[in-house]
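Trainee: Pulled these from Swiss-Prot:
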type	residues	note
BINDING	R23, E85, R124, K456	(6S)-5-formyl-5,6,7,8-tetrahydrofolate binding site
BINDING	230-235, 249-255, 274-277	GTP binding site
BINDING	N230, T249, I251, T254	K(+) binding site
BINDING	S234, T255	Mg(2+) binding site
DOMAIN	220-375	domain 'TrmE-type G'
Amino acid sequence: MINDDTIVAPATAPGEGGIGIVRLSGSGAEKLLLKFFSPRRFCERLDSHFLYYGKFTDETGKIVDEVMAVIMRKPRSYTREDVVEIHCHGGGLLVRSIIDVFLAAGARLARPGEFTLRAFLNGRIDLTQAEAVIDLIRSRSNLASDVALSQLEGRLAQQIGVFGQVIADLLAQVEAAIDFPEEDIELDDQQMLGASAGALIADMDRIIDTFESGRVLREGLRVLIFGKPNVGKSSLMNGLLGEARAIVTDIPGTTRDTIEEDLVLGGLPLRIVDTAGIRNTLDPVEEEGVRRARSKVESADLVLLVIDGSQEMGEDDLLALEFCRNREVLVVINKCDLATLPISSALDGLPYVRTSVLEKNGLDGLVSAIQERFVHNAHVAENRETVVLTQRRHRQALVKARQSLGRFRETLVQGMSPEFGAVELRDALDAVGEITGETTPDDILERIFTRFCIGK
């Protein structure tokens, strides 16, 4: 699957900028560099990992740009191939011109993620580290980048390696019983094997349980502000954003469509959605706003049900509560500066916070409540040793391995032939191997690397 042809792509985002970078990788990268780049000071051979200033010309000898160039000879490069970078003046035209020169000379335009794919295929990184690269690029908060860096440093791969080694040790003992049937596995040995598998299952469960927190850090949290009209929903959105994004008036029904904004609160990337007030109405425009608000409930990770704390809950409050009854709900009892009434029995069992958005009171408590609800592993920011799952693929593979280990324990309990146990252990070993890329099918690899941008 490894292709040694020379690939080229822009390594910087399109558009104007101070610097544009063109990257090459492959056996012909250095030859192509020397064909079109002339260092200002003559040298017989460019040293690896040194920047050289000079001129870049096309095939006719016309100067394209004054550039800085560097060659990183294998294996001390990102791909473990010869890698060349041209640092030119920023701007799409210059970057495209340099790429066109290399393409005309025999290089090939890189596919999305192909540089990282080559790093994986050449053994520089495993699949979890490759996935961490794109997570790091796309991270929207410090917590998310810390988790991605931990994975890029190999923390997840190390943990998966431990799991794989324990499974391999169990398999070796079971296969010994198959190869030497005259030496039956004694009861004590069976109990030891079962206990080892049980301990491994418990360790896997602890890692699996981190997925929801990791998913939120990686993908962000979709938070819906919901409730009847004039309870302070738009004021709450403006308070969280720190700016007057939504129109606020004393007239019920001012918000008639959804308003969405991205922000980071307490290390959490959020997509905040303000909605029309929920009530029965004859106004067709407002009615459409209510319908859209209801439709957003199903896709929300969290519904902030806003209640006017200075009034008793009414029919419209109960209607809004019913619409989000089966979702993750955090009740925001607003306007507590006006009055503090007892909590309605309709809210029994639901978590709540008290706020006065206009007085800017209670917002920190709201953010903390959201964080505690969804990120149980927030300490990863301070401790890179913590392993947190961020990919559904990783969770699915660990669940599959865990299930195989459970069936292996059952073969011991039932006194079944060791061949049955060996099958389950091999399945478990294959499952954990999928995470790091040891046993990953090509179609999964393709899906992973096509998520990358060209040039990475």
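Cβ coordinates are placed from backbone N, Cα and C, and glycine is handled just like the others.
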Trainee: Based on the record's binding annotation for (6S)-5-formyl-5,6,7,8-tetrahydrofolate (R23, E85, R124, K456), what whole-number value in Å is the widest Cα to Cα distance?
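Mentor: The two farthest binding residues have Cα atoms 19 Å apart.
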Trainee: Please report the Cα separation of N230 (GTP binding site) and R23 ((6S)-5-formyl-5,6,7,8-tetrahydrofolate binding site) in Å, rounded to an integer.
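Mentor: Cα of N230 (GTP binding site) to Cα of R23 ((6S)-5-formyl-5,6,7,8-tetrahydrofolate binding site) measures 55 Å after rounding.
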Trainee: Nearest by CA distance to S234 (Mg(2+) binding site): which of the binding-site residues is it, out of R23, E85, A276, K456?
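Mentor: Comparing Cα positions, the closest of these binding-site residues turns out to be A276.
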Trainee: Going by DSSP, is R124 ((6S)-5-formyl-5,6,7,8-tetrahydrofolate binding site) sitting in a helix, a strand, or coil?
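Mentor: For R124 ((6S)-5-formyl-5,6,7,8-tetrahydrofolate binding site) - judged by DSSP and reduced to three states - the answer is coil.
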Trainee: Which residues in the same chain, at least 6 apart in sequence, have a Cβ under 8 Å from the Cβ of E85 ((6S)-5-formyl-5,6,7,8-tetrahydrofolate binding site)?
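Mentor: Listed in sequence order: A11, I21, V22, R23, L24, A69, V70, M72.
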Trainee: When you tally the Cβ atoms that lie within 10 Å of each candidate's Cβ, which of the binding-site residues (R23, R124) has the highest tally?
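Mentor: When each Cβ's neighbours within 10 Å are tallied, R23 leads.
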Trainee: What's the CA to CA span in angstrom from K233 (GTP binding site) over to K456 ((6S)-5-formyl-5,6,7,8-tetrahydrofolate binding site)?
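Mentor: Cα to Cα, K233 (GTP binding site) and K456 ((6S)-5-formyl-5,6,7,8-tetrahydrofolate binding site) are separated by 42 Å.
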